[in-house]
Amino acid sequence: MRSSEKKQVEESKKAASNGAVVSDINGVPSVPDSAREDISNATSESEDEDWHNSSSDNDGDSSSISDNTDESSDEDDEDTKAINEAMLDYMGALEERRQREALGSEEEEPRSARTEVESDSSEDEVPSRNTIGNVPLHWYKDEQHIGYDLAGKKIKKKEKQDQIDSFLAHTDGSKSWRRKIYDEYNDEEVELTKEEVDMIRRIRAGRIPHAEVNAYEPYVDWFDWDGKGHPLSNAPEPKRRFIPSKWEAKKVVKLVRAIRNGWIKLDKPKEKPKFYLLWGDDLKATEKTANGLTYIPPPKPKLPGHEESYNPPVEYIPTQEEINSYALMYEEDRPKFIPQGFQSLRQVPAYSEFIKERFERCLDLYLCPRSRKKRIDIDPESLIPKLPKPKDLQPFPNICYLEYHGHTGPVVSIAVDPSGMWLASGSMDQTVRLWEVQTARCCRVWSLDGPVRHIAWNPRKDLGILAISLQSKVLLLDLELGTSDPDEVSKLLALNPSVMDNDGDGALVTWMKHENLKALEVKHSQEVLSITWHHKGDYFTSVAPDANTRAVLVHQLSKQQTQNPFRKLQGRVVTAMFHPSRPFLFVATKMHVRVYNLVKQQLSKKLMTGLHEITSMAIHSKGDNLIVGSKEGKICWFDMDLSTQPYKTIKNHHEDIQAVAFHTAYPLFASCADDSTVHVFHGMVYNDLLQNPLIVPLKILHGHSKTGGRGILDCCFHSNQPWLFSAGADSVIKLFCD
């Protein structure tokens, strides 16, 4: 028996010396059977314990075995050393296998990986794979996906393991299934780390989750007590605290002496009046109650009069016919009490409406809200603003001086020469007439091929050019006046050859020479309704509301070029005007007026009119004030340095306003409407920015007759004199002078 054990020890020595370690099926190195029997107790420990601790325990067991062998005999020392070496090799191989399994699980499930130094901040945590947010998961119950990842792709559901697969996973050699939890939100299994498992165990045991935190650290006293006395004194109370103070006694003597001499006066309680006014108003109505609210007395009921007498005069007793008429009246107008006459007070019956009236009175006292209204005596004349008298604001047009007859249709537009000698008018009778202002004589007539919509005179005195809009054309007509330079006019109205080459299908307009008249023709795609000149006389605008993005075009006469300053327009354009001195363009739509900076090519201001539909617009000669007329019969005055809201809104007409106009030299402006009236106003604009404009209505001018539902269609001031021209639908032009 002893010889067989020696043989086994010698074989184990040879295997250990040669390094021939036999591997089992799983690839784990094995030792001889004799060594396995000796270390069977060491390998039977639980796998859930830490492997470093188990190795240390096994070392202890091996040492105990070696001690036993030493006690038995000295001949077994060599055998014991061989067994210990084989046991250490086996434990090391087993630990390497454990490490390989842990690395394999980390590669398969990268979400379970953690950094070596974890942060307490939630920002360092691995973000969720699913990005659906706080959406109930049962919404995806019947779908094939559980949510969406950061790239927006669907996260497909994993196939659920049946009971056989889960049982096989639990029965294999690995113990990692005990540390796996199912993440329902991301549809995956997450393996907890040893630190997380330890944290869960500590929480369940009622301890602090983090093992490195010491909840019973020694107290650190931050106050320096060296050389400091105790804050509270345990000394006995001194005797002086129980003796009356002589200084307080002296102070009391002084106060008593001051009260006796009248130096200090105490408030006496108010005495209640012995008598009070029985039938007067409640004197306590103005006093405040305890909660700070003012007491408001209820209205007193009406005192009884002669009607409530049991034997009133005969004139108070209604007849039977009057009583029958009460039944036909409304209940609120019907008298509540009908007087009756009795010979004596004994014959007076009980009042049938007594309980009802008392009940209604109680409801009024309980439910009726009360509010105190202070009556202020104000003179009505003080509410009217003090304006200067119209006589002090002369001159202004107030009487019809001349009438210009000759048109056979409504006169829709008039324009005055810059020198003030000539007047041009356009009518629906397809003619344009030139009048001498002071004599009302028609000097010339031009017959056109369509009704005239609008005319505008060039502001330069040396250029006698009139712009006429009819249908989809704009005519630049040479009036051949003696005051104009014929050479320069003919040069401007001559067709430029370069313009003919540039004309094509993509051109905004077409410049051409008129066949019959000495004029230049600018053909548009839609009907042109308005024309305005720049103050230098080279540029002019045309407005065609139906042309969409080409509704407002800017033309240059000297180069015969056309530009479209807008890619897109907000709303239907009514009219457009240049600023008198600065590079601004005013564009009026139905409800707003937009101011564009032509140099910066951007929107400068947007004026909010508050009107339903704008019909006309005029700019003051200084350029800081603007008036707008509407179909509601209202005029809005804008002070653009003050606000984008109207400074004044005047409701002066009963029907649609057709035109508004400013005088270039006098502080006057006017408006005309379909009610056949012209309203003249005084509008003074001051150089002081702190002083608001002064607006005073001066005169309402009549004289035109209404034709076809339309009254006065246009008005304009004389360029030099305080005169006003008006053109009506009755084909008459009137001149009003001061």
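Note that Cβ sites are derived from N, Cα and C of the backbone, with glycine treated the same way.
What TrEMBL lists as compositional bias 'Basic and acidic residues' is 1-14 (among others).
Positions annotated as compositional bias 'Low complexity' by TrEMBL: 53-67.
Residues or ranges marked as compositional bias 'Acidic residues' in TrEMBL: 68-79.
Residues or ranges marked as compositional bias 'Basic and acidic residues' in TrEMBL: 94-103 (among others).
According to TrEMBL, the feature domain 'BOP1 N-terminal' maps to 140-397. When pLDDT values are averaged over the domain 'BOP1 N-terminal' (140-397), the model yields 81.
Look at TrEMBL and you will find 1-133 tagged as region 'Disordered'.
Nonlocal intrachain contacts for the repeat 'WD' (404-445), taken as residues 6+ away from its ends with a CB within less than 8 angstroms of a stretch CB, comprise 451-461, 464, 466, 468, 470, 477, 479, 481, 483, 707-708, 710, 713-721, 725, 727-735. TrEMBL lists 404-445 with the feature repeat 'WD'.
Under DSSP, the residues of the repeat 'WD' (404-445) split into helix, strand and coil as follows: 0 helix, 24 strand, 18 coil.
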